Amino acid sequence: MTQDNALLQAPELTLRDGSNSRKVFIKTYGCQMNVYDSTRMSDALARDGYEPTEDMEEADLVLLNTCHIREKAAEKVYSALGRLRDMKKKKAADGREMMIGVAGCVAQAEGEEILRRAPAVDVVIGPQTYHRLPEALRRAKEGQRVVDTDYAIEDKFEHLPIAESRKIRARGVTAFLTVQEGCDKFCTFCVVPYTRGSEVSRPVAQIVEEAEKLVEGGVREITLLGQNVNAWHGAGPRGEAWSLGDLLYRLAEIPGLARLRYTTSHPRDMDDRLIDAHRDLRALMPYLHLPVQSGSDRILKAMNRRHTAAEYLSLIARIRTVRPDIALSGDFITGFPGETDADFEDTLRLVEEVRYAQAFSFKYSTRPGTPGAELKDQVPEQIKAERLERLQALLLKQQQEFAESCIGKEIDLLLEKPGRMPEQLIGRSPWLQSVNVDAKASQIGDIIKVRITGTGNNSLFAERAEAAV
């Protein structure tokens, strides 16, 4: 799951207890799913009287919702915990209590080690057990130091409240909705199967209920989330087997839900029904994040991706046949163990053929406990960096070319937030680009017709073309 998409970066979520004046600050690291998880933890804590603060200094509870994907992720968390230890000590000297919690994938991976290395931490809770966070905090209040990272037998989502409409409305007109968690693919570079567990799909009724609540709260665009979201499966109303495509058709029936997206996908799980949904559903935006990681069959095999470059390109061609205006995004890793110059050139050729509107690329870094960490022929850091620089230059060129190709097009723009200038609003294009427009007499949540007039560093500019819808 990509971690650097501008649309999907979350604010730092916070909470406060009106009766007891308890406040909580949640710092979110990493992917979109952590953003969603922070929101759900926020809602769960609200039942115990916590409400938001944007000032860590005044928080009674500081919660780090962590990510374990990047290199040295755990060390960065320990560094942050060192600063929090000092803050906790200072507050204690002033007669004020502050609790510290660590959640997310570093919590899952490190467990008891966090309490050993960071004694100031009160609670460590994993991504599959955060519905038990309020109980863990109660135990910590009684003097226990709590580690709860065992995979829950119960469905955590059944125990998590859905926010009231007023809170949903305050969060904006776009929302995330997790429908699937975990991964069974076991790519040799990836820690997700070890930190998030095996693939689990939420039931249809549960997903539809949450989506309807979001729409009632003013949400107009929902992004379905999963570590491998297109592996989602469930039972339809007559007990028939459903895939993600079927779920999208059902969600598109919800009145008031104007837009749907989903991320992140695996090429092996792009079935016919999902491709049909891209053809048929006006609400499903023409944007697809479909990681490939490498253009070399040899490296793809070493990564355990279970597809070839040709199969990936064939899939892209099928999708573009049914949805010619679709914008493609991807993930790439340079310097995977054993990658030669020829392998890297294969990756560049694949990028040239696909022509991405956006992509994310990283140097390979060993993740302890993954098969990739045990492979020989590790690529020198300098070569990894040189290849990454070449790849990113090509991807940036393609991104700029895609943005320039939008000039002159009329598009539907969902208005999301105020701009920097008076009467300016910022929205998202169907292709996930940030668009600035003078939208006098329009409101956040409107979908208006605009004409793209220019490009900026990371955004587009537009003029009004029609009235709001």
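Cβ coordinates come from backbone N, Cα and C, glycine included.
Note that the coordinates shown come from a computational prediction; the quantities given were computed from them, not determined experimentally.
What Swiss-Prot says about this protein:
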type	residues	note
DOMAIN	22-142	domain 'MTTase N-terminal'
BINDING	CYS31, CYS67, CYS105	[4Fe-4S] cluster 1 binding site
DOMAIN	169-401	domain 'Radical SAM core'
BINDING	CYS183, CYS187, CYS190	[4Fe-4S] cluster 2 binding site
DOMAIN	404-466	domain 'TRAM'
Nearest by Cα to CYS67 ([4Fe-4S] cluster 1 binding site), of the binding-site residues CYS183, CYS187, CYS190, is CYS190
Same-chain neighbours of the [4Fe-4S] cluster 2 site, Cβ within 8 Å of the mean position of the Cβ atoms of CYS183, CYS187, CYS190 and not counting those residues, run in sequence order as LYS185, PHE186, PHE189, VAL191, VAL192, PRO193, GLN227
Taking DSSP H, G, I as helix and E, B as strand, the domain 'MTTase N-terminal' (22-142) contains 63 helix, 24 strand, 34 coil
Counting Cβ atoms within 10 Å of each Cβ, the densest environment among the binding-site residues CYS67, CYS183, CYS187, CYS190 belongs to CYS183
Per DSSP, the domain 'TRAM' (404-466) contains 2 helix, 33 strand, 28 coil
Averaging the pLDDT values of the domain 'Radical SAM core' (169-401) gives 96
Rounded Cα distance, in Å, between CYS190 ([4Fe-4S] cluster 2 binding site) and CYS105 ([4Fe-4S] cluster 1 binding site) is 12
CYS31 ([4Fe-4S] cluster 1 binding site) sits from CYS187 ([4Fe-4S] cluster 2 binding site) (Cα to Cα, rounded, in Å) at a distance of 18
CYS31 ([4Fe-4S] cluster 1 binding site) sits from CYS183 ([4Fe-4S] cluster 2 binding site) (Cα to Cα, rounded, in Å) at a distance of 15
CYS31 ([4Fe-4S] cluster 1 binding site), Cβ-centred 10 Å count of other Cβ atoms over all protein chains shown, is 25
